[in-house]
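Shown next, in structure tokens, is the structure this report addresses.
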């Protein structure tokens, strides 16, 4: 077999390298994209997990408040408990830091410096030689990890950075470094951090090392016996944050991987087209090999060996390209890939097992594409082929797939109803795959039906009759010829409809969530637990500005209902009796019973917490109990009054009336301000007046972001379009590969039909008339393919919009079909297919076709 491959197959590959190169490039691209996505996400998650372990250190448990912050007095209780061996108080915040023109968001972790060597050695500050030994405990002094130093452009020497604290930007000394890796991180002594952030007496969490033999349940029972702590605390393992991030980002990672694997599918089809062309072109050679003693099994393996060579070359190049793409993406953009889950990753974590798996996947794609042509070479009749009668065209037996095709469509409909598996829409993906394969298998019957309807029109036109009748009577070749275009067009239609629907829904969501002309918030995102930086006094002062007609205070906080789920965002907004005017509700609101506080939950809350409209939510009441006890005799009762769409917080969000939030918590601070200018007041004048008032209250205007609503909307939609730009590129690549497959299949048929075209020439047809017949056949098949691709794409889009997005990201959207764009796309594909058929058929009327008639005499 090796000698036969070198003398027969290798020589053919050398004579036609460009066809083989196209297949190699397609599979290489699929392997590279899929491997790069996997490596980037794995590297990002590994760095995140390492940073989480470094921050939690060697603790056994972490104690947090269910809602808000922990009182520092609890730390004293834990230290004195015989159940606890060691305890370390921790205060965390996300802050904006600046050094000259460089800006970066840092995770600030403040802890007891003396406890860090035993509890979290990776966070232990390492002063630089120029720094004082007392800098470990000095006020306004931080120690940065390598990512933070790089992000701020700092050298390993003492420096000063501007750190945002509330409405102010304060100078902070950088006195050393820490060993912890991952995203940009700053470490401070906890006392210094409390003074800097104005968090005196409060903690974010307490890390614990338990005494030997003590269980988590025993410690929790002991803590709940303390006055005022019943139901107020939540205990979690240090690795819980990594597990939460793994679950949160899993669906996003799977979606990216599936999108990348589309190139592998198109690569497999291109291998099929190239090998089908090669087998059709070498029919006499295969027949001669059979006469000389080559068995059908040897002919089968010969074609598969050719595919193996293509697959191995493509897989090896794909692995190399994937590693380069991953390293480049990690260096330039970190490990985020647009999902917002990870940041700051710059180191590639290589996995030999992962690289081998994707290399084998590329090889499997090559084998899958070559199997049908290999079977054609195996079934080739030597005697008839040597006489010039040839063999059946590729795909001629596809009519046997009718029942399997119908069965796959039925299975696709059933799988679309399947629930998510581990938070992933695997059933929906299988449904789309079966939908495409089943639809392609039924192409011959669609060809018979559509082209049969045109028979009366074609009967009065000789050339049209020749083209349509042959296209209809050889309908078995439809799947082999235009199957790739159908799959590519289906993908393009599905993604176009999904992206259009998503963009339209996001636009409507922005209109509902941003009713004011301008907004004011702290720069760099939230600080501490909720980023409530605007005091009630400042809000009241702004309300009296003549440039302002109305000021609406918005509050964002968080609550922890489960140790296995991330914190739940709580949005306090002014609401009235018609919440649908203030929120993008997914369904009509439910009337609120007397004595209940209405909650409007996002769709993610419904999926993650299992709540439904019309129910009380005892777990939420339990989380708010510590705050309600100090203001009223009985706990508040919260009622699920409606479900709204949220395209930002995948972990869930709850909206409650701001008046109830202030009444229960006694906290009138705001995280964000919605501003309506007075009639006749321009936005620039409003900006100047607001910033002057902020300055009068001791704030720094540079620490705030004043944004116009139209600017926020335009920026959001620009980011949206940028995030989905890769999908349009993939669509173009897939359609291009499909058209190449059409050219290869038609070329194979033209070579196999030389005698037929020669006979037509002897019967009086001119060269251009024969070319018109071939072009007509290709156009007819492409029209069928465009109709099938559009229909299958719309069905696939329905699955993506109604199943994949809700199961993967916990949000729904309205399906919007851009009919004009789809019509242009289908027309462009038909036109490109017709041009491809014309180019492929130029050899049909050549002198070789005329001479081919004499081969039998």
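Heads up, the Cβ atoms here are built off N, Cα and C, so glycines get one too.
From the options 208-231, 232-255, 256-279, 376-399, the stretch TrEMBL describes as transmembrane segment is 256-279.
Of the given residue ranges 705-727, 728-750, TrEMBL assigns the label transmembrane segment to 728-750. Which of 300-330, 517-547, 548-578 counts as transmembrane segment depends on TrEMBL, and there it is 300-330. Through the fold, the transmembrane segment (401-422) approaches residues 250, 428, 430-432, 434-435, 437-442, 444-445, 479, 799, 803, 807-808 of its own chain, all at least 6 residues removed from its boundaries and within a Cβ separation under 8 Å. Counting same-chain residues at least six beyond the ends of the transmembrane segment (428-455), those with a Cβ under 8 angstroms from any Cβ of the stretch are 258, 398-399, 401-402, 404-409, 411-416, 418, 468-469, 471-472, 475-476, 478-479, 482-483, 486-487, 490, 494, 780-781, 783-785, 787-788, 791-792, 795-796, 799-800, 803-804, 807.
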